[in-house]
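Student: Below are the features I grabbed from TrEMBL:
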- Gly118, Pro119, Thr120, Ala121, Val122, Gly123, Lys124, Gly125: ATP binding site (BINDING)
- 111-290: domain 'Guanylate kinase-like' (DOMAIN)
Amino acid sequence: MPDVDRAAAGRAAIAARRARAAVKQAVHHRLRRALDVAETAWADPTTPEGSLRVRELLTSIPGIGATRVARIMAELGIADAKRVGGLGSRQRERLREWLEAREGAPSRPVSRLVVLAGPTAVGKGTVSTYIRDHYPDVLLSVSATTRAPRPGEVDGEHYYFVTDEDFDAMIERGDFLEYATVHNASRYGTPRPPIDAALAQGRSVLLEIDLQGARAVRAAMPEALLVFLLPPSWEELVRRLTGRGTEDAAEQSRRLDTARIELAAQDEFDVKVVNRDVGRAAQEVVELLAVPGAPSARTRS
Ligand SMILES: Nc1nc2c(ncn2[C@@H]2O[C@H](COP(=O)(O)OP(=O)(O)O)[C@@H](O)[C@H]2O)c(=O)[nH]1
Ligand SMILES: Nc1ncnc2c1ncn2[C@@H]1O[C@H](COP(=O)(O)OP(=O)(O)O)[C@@H](O)[C@H]1O
């Protein structure tokens, strides 16, 4: 095939893949939203969520029309006019299970290589650490960096803390899958050998890197799935950054400037995950990682 045709076919394939991912993401988003609405209603049935009819909640999910809603409600043993806040405990349990089963249903793309990016202080490190601690089958890539360790950070576990000279030598040797200068300050790079080894052994790999890194990985390994971690709100992001207290005011404001730019790039990503609850966000990310041996037509690698 001539190069021009190949490039056009490649672009079309990427566009089709993004469109499929966007549709799946939209359905997933509505399901998660429906679950959140139901949980709010059950925490306090006097809220507006509590007075919503179950029928309305279900029709908010794309692809579910009135006929299917009637059938689903009959299956769940919920009367047509019931409001979410008025459900009994058994009915709540059945509805929750139904929504969760669909939400976890195999509708999202999966990959053996997932890149987790997102604005500063959204919780990338917290979610990645949770995954490392709770899902040991996943290899969490350890980056090299020229920045100084923060209190409590362990060399070889959180990062390989290296000098500028070491970093240059690693670039020279071709050790990095990608590397970048982040927040106009220190350099960070993803060592390639451990990733190749893990993928060769059939393990899934998670990279927690910045936006530039995510773009570079997409170019180098198109099978990678790019996941963007979102804060519940901008205010919460600022709260998390200031609450962490690891940067002075000047550095915080520099990071928030970068965060605005990074948030504007979220549509480049295959999937978005909101980090409201750490365990839940971690589970969502893990569900995107192909489990070795599990049959899946959707696996990308
Ligand atoms: N491109 C790239 N970015 C990285 C790498 N490792 C970490 N980062 C990113 O560098 C940024 C700064 O990380 P860090 O100094 O730990 O501070 P943080 O902003 O609190 O996560 C974050 O956006 C990380 O995702 C890497 O290997 N490559
Ligand atoms: N789901 C969450 N709810 C509340 N606080 C969170 C959540 N996730 C992370 N945090 C807090 O936000 C701050 C920033 O998290 P961190 O993992 O360091 O972010 P990042 O690695 O994206 O810069 C930390 O103080 C962390 O404890």
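Backbone N, Cα and C atoms are what each Cβ position is placed from, and that goes for glycine too.
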Student: Measuring Cβ to any atom of ligand 2 with a strict under-6 Å cutoff, which of the binding-site residues Pro119, Thr120, Val122 qualify?
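Tutor: The ones that qualify, in sequence order, are Thr120, Val122.
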Student: Can you list which of these binding-site residues (Gly118, Thr120, Val122, Gly123, Gly125) have a Cβ closer than 6 Å to ligand 1?
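Tutor: Checking each Cβ against ligand 1, the ones under 6 Å are Thr120, Gly125.
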Student: As a test of the contact definition, list every same-chain residue at least 6 positions from Lys124 (ATP binding site) whose Cβ is closer than 8 Å to its Cβ.
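Tutor: Listed in sequence order: Leu116, Ala117, Gly118, Glu208, Leu229.
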Student: Secondary structure at Thr120 (ATP binding site) (DSSP, helix/strand/coil)?
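Tutor: The residue in question, Thr120 (ATP binding site), is coil (DSSP, three-state).
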Student: Other residues with Cβ within 8 Å of the Cβ centroid of Gly118, Pro119, Thr120, Ala121, Val122, Gly123, Lys124, Gly125 at the ATP site?
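Tutor: Other same-chain residues with Cβ inside the cutoff are Leu229, Pro231, Leu237, Arg240, Asn275.
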Student: Looking only at Pro119, Gly125, the binding-site residues on record, which one has the least crowded Cβ, with the fewest other Cβ atoms within 10 Å?
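Tutor: If we count Cβ atoms within 10 Å for the binding-site residues Pro119, Gly125, the smallest count is at Gly125.
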Student: Just to confirm: which same-chain residues, 6+ apart in sequence, have a Cβ under 8 Å from the Cβ of Val122 (ATP binding site)?
Tutor: Leu229, Leu230, Pro231, Leu237, Arg240, Asn275
Student: Which one is it: of the binding-site residues Gly118, Gly123, which Cβ has the fewest other Cβ atoms within 10 Å in this structure?
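Tutor: Each of the binding-site residues Gly118, Gly123 was scored by Cβ atoms within 10 Å; lowest is Gly123.
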Student: Suppose you look only at the domain 'Guanylate kinase-like' (111-290); what would the mean pLDDT be?
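Tutor: So the average pLDDT across the domain 'Guanylate kinase-like' (111-290) works out to 93.
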